[in-house]
Amino acid sequence: MITRLSAPHHEELWRVTDDASGLRGYIALHSTRLGPAAGGLRMRAYDSDEAAIADVLNLSRGMSFKNAAADLPLGGGKAVIMGDPRTKTPAMLRAMGRAIETLQGRYWTAEDMGMSPADMAEIARETRYVAGLDSGPFASGDPSPVTAQGVFNALKIGLKQRYGRDDLSGTTVAVQGLGHVGWHLCRLLHEAGARLILADTDAAKLAQSCADFDATAADVTRIHATEAEVFAPCAIGGTLNATTIPELRAGLIAGAANNQLATPEDADRLAARGILYLPDYVANGGGIINVAAEILRIETRAPWVAARLDALGTTMTRILAHAAAKDASPAHLADTIIGERLLPRAG
Ligand code: NAD
C-alpha cells in the first residue's frame, strides 16, 4: 500500500507498506524542477517512523542539490526501508519496486547504504524506474571509480586555489577511508606522485592500500590531524566538527564522504582557520553522473560522463572563485549558487 503524506517543503512524501513481506518505508520527492527525482534506496534500522521520515526528507533535499550541482536534468528524491539490511527479502524489494512503479517515473531509484546491484535487479522485476544495475543495455555498474575521478579533479582545483599549484608530486594527502571510492582516489593520487598517509577502521584494507600505494599508515582516530597539505574524508559523515576542526593541519579538505560537516557552522569554523573546504556534494557528484547515464539512457556513455565531469569541475572552480571574492565559505556559496538552479523560472 502506498499512502500520500504531507511534507511542506517537498513535492511528495509517500509511506509504503506491504503486510505480506513486512515492508515499511518511505519515498520522498523533494523537487522535480530539473527533471524526474533521482536518488538511492537506503535500508537502515531506524528507531522510529519519525526518524525514517526525517532521513528521507533530508536525503532527498540533498539529492536535489547534488543533481543540480552536476548540471543533470534530474530532480532530488530518495527512498528508505526501515529495518536491518540483514532482514531484507526479495519480496520486500519487489513490494518497494511496485510502489516506485505507481509513481510513473517521477522517482528513479538506485543503490544506497544497505543495497547491492542484485537488490536493484530484484526491484527491476517490478519497475522500469531503477538504475545501478550490473547488466543490461545501459547498466552503469559500480559508480565509485567515477566518484573518485571527480574528487581527484576537485582536489586539483582546490590545490591550485589554496596553494597556487596543481602538480601533486611532493604533495602529502591524508585519506580517511579506503573503501570503494577511497581506494580509487588513492590510486589516482599515487599515479600523480602524491605522498599518501592512510587510515581505515578495517586493518586488512589499510595494510593492502599501504602496500598498493607505498603509503604510511596513521591512527584511525588521528588521521584528520595528520601533517599534510590535503585531508580527504572518504569514510563516514560528520568528521568535520567542533572537536576535529581545531586539530586539522591540512589547508585543504577534498573528499568523497557525504555530509562531511557535522553542522553548517562547521563551514565557518573551517573558513576562520583559513582551511579551504570543497563542498562535498559538488566534489562527489561523479557517482550520480555515472548513474544518470543509465537513467537517461545515454548511448555514448564514456564521452558523456567525461563532459559532465568537466562541467562539475567548472562549477567547483566558480564556487571557489565566488567564495574567495566574498571571503565566504565555499559551502555556503555552493548552497546559494546551486539553490538558485532549483528556483522556479520567472515568467
Ligand atoms: P565504502 O563503505 O566502500 O568505504 C568506506 C570505508 O571507510 C570502509 O573501508 C570502512 O572500513 C572505512 N571506515 C568506516 N568508518 C571509518 C572511520 N571512522 N575512519 C576511517 N575509516 C572508516 O564506501 P564508499 O562507497 O567508498 O563511500 C565512501 C563515502 O563516500 C561515503 O560517505 C559515501 O556516502 C560517499 N559517496 C560514495 C559514492 C560512491 O560512488 N560510492 C558517491 C558519492 C558519495
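Residue positions begin at 1 at the first shown residue.
Cβ coordinates are placed from backbone N, Cα and C, and glycine is handled just like the others.
Annotated features in TrEMBL:
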type	residues	note
ACT_SITE	Lys78	active site, proton donor/acceptor
BINDING	Gly177, Leu178, Gly179, His180, Val181, Gly182	NAD(+) binding site
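Taking every protein chain shown into account, Lys78, His180 are the recorded positions, and of these the Cβ with the most other Cβ atoms within 10 Å belongs to Lys78.
Around Gly182 (NAD(+) binding site), the same-chain residues at least 6 positions away in sequence with a Cβ under 8 Å from its Cβ are Ala148, Val175, Gln176, Asp200, Ser209, Ala232, Cys234, Ala235, Ala256. For Gly177 (NAD(+) binding site), other Cβ atoms within 10 Å of its Cβ number 26.
Straight-line distance linking the Cα atoms of His180 (NAD(+) binding site) and Lys78 (active site, proton donor/acceptor), rounded to a whole number, equals 21 Å. The separation of Val181 (NAD(+) binding site) from Lys78 (active site, proton donor/acceptor), Cα to Cα, is 21 Å.
The DSSP secondary structure for Lys78 (active site, proton donor/acceptor) is strand.
Reduced to three states, the DSSP call for Leu178 (NAD(+) binding site) is coil. Non-local contacts of Gly179 (NAD(+) binding site) by the CB criterion (under 8 A, 6+ apart in sequence, same chain) comprise Ser144, Asp200, Lys205, Cys234, Ala235.
Neighbours of the NAD(+) site: apart from Gly177, Leu178, Gly179, His180, Val181, Gly182, residues of the same chain with C-beta atoms within 8 angstroms of the site's C-beta centroid are Ser144, Trp183, His184, Leu185, Asp200, Cys234, Ala235, Ala256. Less than 8 angstroms from the CB of Leu178 (NAD(+) binding site) sit Cys186, Leu198, Asp200, Asp202, Lys205, Leu206, Gln208, Ser209, Cys234, each of them six or more residues away in the same chain.
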